[in-house]
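What follows is a set of notes on a single structure, which appears directly below.
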Amino acid sequence: FIPPLRIGYLYTYWGPLGFVVFVTMVREAVDDFRRWRRDRELNGTVYERLARGGSKLVPSSVLQVGDVIRVNKNERVPADLVLLRTSEKQGTCYLRTDQLDGETDWKLRVAPPTTQRLSSDEELLSVGASVYAERPGLDIHSFIGTLSLSGPETPDSGSAAPLNIFFINASRTPPSTVTIQASLSVENTLWTNTVVASNWAVGVVVYTGAETRAAMNSTPPRSKFGLVDREINNVTKLLVASVLLLSMLMVALKGFGGQWYKYYWRFLLLFSYIIPLALRVNLDMAKITYSFLIMRDEKLEGNIVRNTTIPEELGRISYLLSDKTGTLTENEMVFKKLHLGTIAFTDEPDSHAEVRDHVRASVAEGGGSGKQSQQQQQSTAGSSITRQGADLAGRTAEAVRAIALCHNVTPVYEDGDCETAESAGGSSGGVSRGGYGEPSYQASSPDEVALVSWTASVGLTLAHRDQSSMRLRADNGAELNYTVLHLFPFSSESKRMGIIVRDDRTGEIVFYAKGADTVIGAVVQPVDWLEEEVGNLAREGLRTLLVARRVLRPDFYEDWNRKYEQARLAMENRSERVQQVQQLLDNGLELLCVTGVEDRLQTGVRPTLETLRNAGVRVWMLTGDKLETACCIAKSSRLVDKSSGLYVFEPASGRSADLDKEIRIMARRVEAGQGVVITGQYLQVRRGGSRRAERRFIQLACQAPAVVVCRCSPTQKAEVVRLLKEHTGKRCAAVGDGGNDVAMIQAADCGLGIVGKEGKQASLAADFSILRFQHVARLLLVHGRQCYKNTAILAQFIVHRGLIISTMQAVFSAVFFYVAISLFPGILMIGYATVFTMFPVFSLVLDKDVADSTAEKFPELYRDLLKGRELSAKVFFIWTAISLYQGGIIMYGSLWLFEGSFLHVVSIAFTAVVLTELIMVALTIRTWCWQMVLAEFLSLTCYVTAMFVLTEYFDRAFLLTLDFLWKVLAITSVSSIPFFLLKFVRYQMSPPIARKLQA
């Protein structure tokens, strides 16, 4: 805009810059629009909001605190709710929570009796009720609140009738002048992103939006910036510095006399082509092209690129952090083996039929615990079933019966069947087998569902279950009825569960226990085969459970029950006293069997993990599930070799001394080739340790062949990602399928979301959405690798294009006494950066150095890429040297062959530089496609056309002479042939790996 500084027309400067900004804005706008559309789809899900004037369907986005809503089976809970009523008589409701905490166990929730006993929704809405809830918090495993009912209110037709919600603090407590008060705990809540597995549930909204547990455990999304972009920015900074220095050098050589600063600014404008403004546009267009090619890949059916800014990041991944449930596994438990010590039954048809025959024979002989149990009562104390010499059929049937009774599973019948779960619960008499449909099972653990489903398949079906009774149905229609006297649920601390039942036919009282081998194995009567067989099952990647029993004499049970009730009523040390009384049942426990259940892996998980390891990608498994489950999956998926052990890193506290001691032990185990298991507890206490200990721990973990992090919350998953990035400086990717994986996915450099069975939260939050874990290998090894390599080559050529033209400008100015005049007109410079060379250079994004199948077959190609040589300083200086050589040869050659008009110099030099650029692209391409040929042809055609149209800058008569032709060809050959020869010699002397595979 300042006349003394102006060189050429203004549009030659603001035009390219405006185009760069425009393309970037369009790409960002497209991404924002897609994100807005995904959010609208999720927030538009409708739910039934209950009101005194009738129910109404409303989108989840308009729900407010105090609204009473109904959530039906298999629907996602849209806000944090306090449960009020359910479809079950007892007020129970099962939840699938793997989208929140990663655990496959179904969670049991219970409505407060004060609201569950209300007969209808209308009666619920007619009472005056208030919920006093704690302030919003992070802990998904606890909740403190109070439900207060004050009697019926006068209906107000048309009113939404929300419940009153108050948050408890130091100045507000629940009022004492109410009719009924009921305490609320986490068992009375439905958290956001959980899924109702029961028929329906009614709840009141207590937290919404950012105050929900799920939202508070999620980290805010960040704008991701790729490593390639950072490297290119560093190159750009160096080029800007070069422009400043080169301009100052030209002024210094010219002399600082007069208005030298004007010449300095003019030289800045002349050499500004060194700064690759077009690089930003080309990279953005390349990213869009990569995204399009990824989504078009037929072998990655259903994949979606949600973030088009970082596709080349897929080629730089050193660590892949993977969820377990629904990501590595199908989230389907399958019964695999029943071991009785002397014999094992598998899921093979012959073995299955043999178990069925044993069960059928036992039921025919008398059902119940039967004759074998009576014989056991008469036997001496301390003897086991094996020592009694009971026959195989009796032992097998008793093991199956124990599995069918020791659980917390509820059968549910579809409404179309003759008997629903509710009507079954109210039936006191027997119902014929034909009167039942096939039940589905609800439980707090998929393991229990797998076990009970297996007992049904071998002829002992759980037909009915409520809080006080159970009914088993045999193949022949006979029913075995039991009264549930006590139930001791599973907990992560006890690692076991138990149940006391009475056989309604014989009156026999039996205590059954089921749990981890480390717990049950320590209290049962010793057997010599237990440790070996449990180890064998674990090596097969199966989740093992021990099942045991003890027949209780009536007088013993009465005495024990009295002590138990006293312990439960104790005001001090209640939990300890209850535990002591429960331990009285363990004396004389007889081991019945060991079960093996498999959490079925997704198709292709094992070869995918093997491929990623060979590619140099270290895979860490992060899960909210239990330690035992995580270890089993790590082994069954071959994340860790069967021969390798797993070392559990469990420091006694967060103190430096304890951490240092545990780290020293860990170092020895890692050197021995063992994998490392980290618990969420360590992630909580680690802050007490020193920074040095933390760094040493991460270094050792990175050296381990496999790392498993279990019992970690969503925020802890994200913290692991941040720790890994901070201490290693490597690129990390995260893959998951649930809402509990969103924080981890957003914290990673590259987030991969699997469209899970339970929802799309992870998929919507991810940068790349895929359908199966096995797609990760192709996404990284094929598309990630090619995106990174082609982006690097594209950047090198665009920088080369600016350097070569600026070198020619510098030579021209130096020859003519450092004159600050442009060598080429502005219109030619715009054409050089666009239509004359842009299409061939951009076509490099379609190039492939190896076939896709080769990239998948040889993952070592990806490992070689992790060295980061494609955009290293060495490569940059090599391309700078090539640009200086070619620019100097073209300019000096044109001036040396100069004979007539200066217009001829411009024609020869500009034609030579355009042809050199096109030849360089052609020599770089490794796999030609029709788009590349078309790009070369179109660019050459556009330039030839421009030469004959722009007569102001080209002498048409000179262009048609042989003199022009041979001079252009000579200069172009001298500038290009050495590059071809050097490339040929390099490929012969030290070919790259990709070249060797093609040979």
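Including glycine, each Cβ sits where the backbone N, Cα and C put it.
Taken from TrEMBL as is:
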type	residues	note
ACT_SITE	Asp323	active site, 4-aspartylphosphate intermediate
BINDING	Asp323, Lys324, Thr325, Glu448, Phe490, Lys514, Arg543, Thr623, Gly624, Asp625, Arg711, Lys717, Asn740, Asp741	ATP binding site
BINDING	Asp323, Thr325, Asp737, Asp741	Mg(2+) binding site
COMPBIAS	371-384	compositional bias 'Low complexity'
COMPBIAS	426-437	compositional bias 'Gly residues'
DOMAIN	764-991	domain 'P-type ATPase C-terminal'
REGION	363-390	region 'Disordered'
REGION	419-443	region 'Disordered'
TRANSMEM	12-30	transmembrane segment
TRANSMEM	238-257	transmembrane segment
TRANSMEM	263-283	transmembrane segment
TRANSMEM	803-821	transmembrane segment
TRANSMEM	827-846	transmembrane segment
TRANSMEM	875-896	transmembrane segment
TRANSMEM	902-925	transmembrane segment
TRANSMEM	937-954	transmembrane segment
TRANSMEM	966-985	transmembrane segment
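Counting Cβ pairs closer than 8 Å and at least 6 residues apart in sequence, the transmembrane segment (902-925) and the transmembrane segment (966-985) reach three or more and so form a contact.
Between the transmembrane segment (875-896) and the transmembrane segment (263-283) there are fewer than 3 Cβ pairs closer than 8 Å, counting only pairs 6 or more residues apart in sequence, which means the two stretches are not in contact. Under 8 Å from some Cβ of the transmembrane segment (803-821) lie the Cβ atoms of residues 7, 246, 250-251, 253-254, 263, 266-267, 270-271, 273-274, 829, 832, 879-880, 883-884, 886-888, 890-892, 895, 909, 913, 916-917, all in the same chain and six or more residues away from its ends. In terms of C-alpha distance, the listed recorded positions Asp323, Phe490, Arg543, Gly624, Arg711 place Asp323 closest to Asp741 (Mg(2+) binding site). Each of the binding-site residues Thr325, Asn740 was scored by how many other Cβ atoms lie within 10 Å of its Cβ, and the smallest score goes to Thr325. Figure note: comparing Cβ neighbours within 10 Å for the recorded positions Asp323, Asp737, Asp741, the maximum is reached by Asp741. A simple way to gauge crowding: the CB of Phe490 (ATP binding site) has 20 other CB atoms within 10 angstroms, across all the protein chains here. DSSP classifies Asp741 (Mg(2+) binding site) as helix under the three-state reduction.
Counting every protein chain shown, 24 other Cβ atoms lie within 10 Å of the Cβ of Arg543 (ATP binding site). Listed in sequence order, the binding-site residues from Phe490, Arg543, Arg711, Asp737 having a Cα within 10 Å of the Cα of Asp323 (active site, 4-aspartylphosphate intermediate) are Asp737. For the binding-site residues listed here (Gly624, Arg711), the lowest count of other CB atoms within 10 A around the CB belongs to Arg711.
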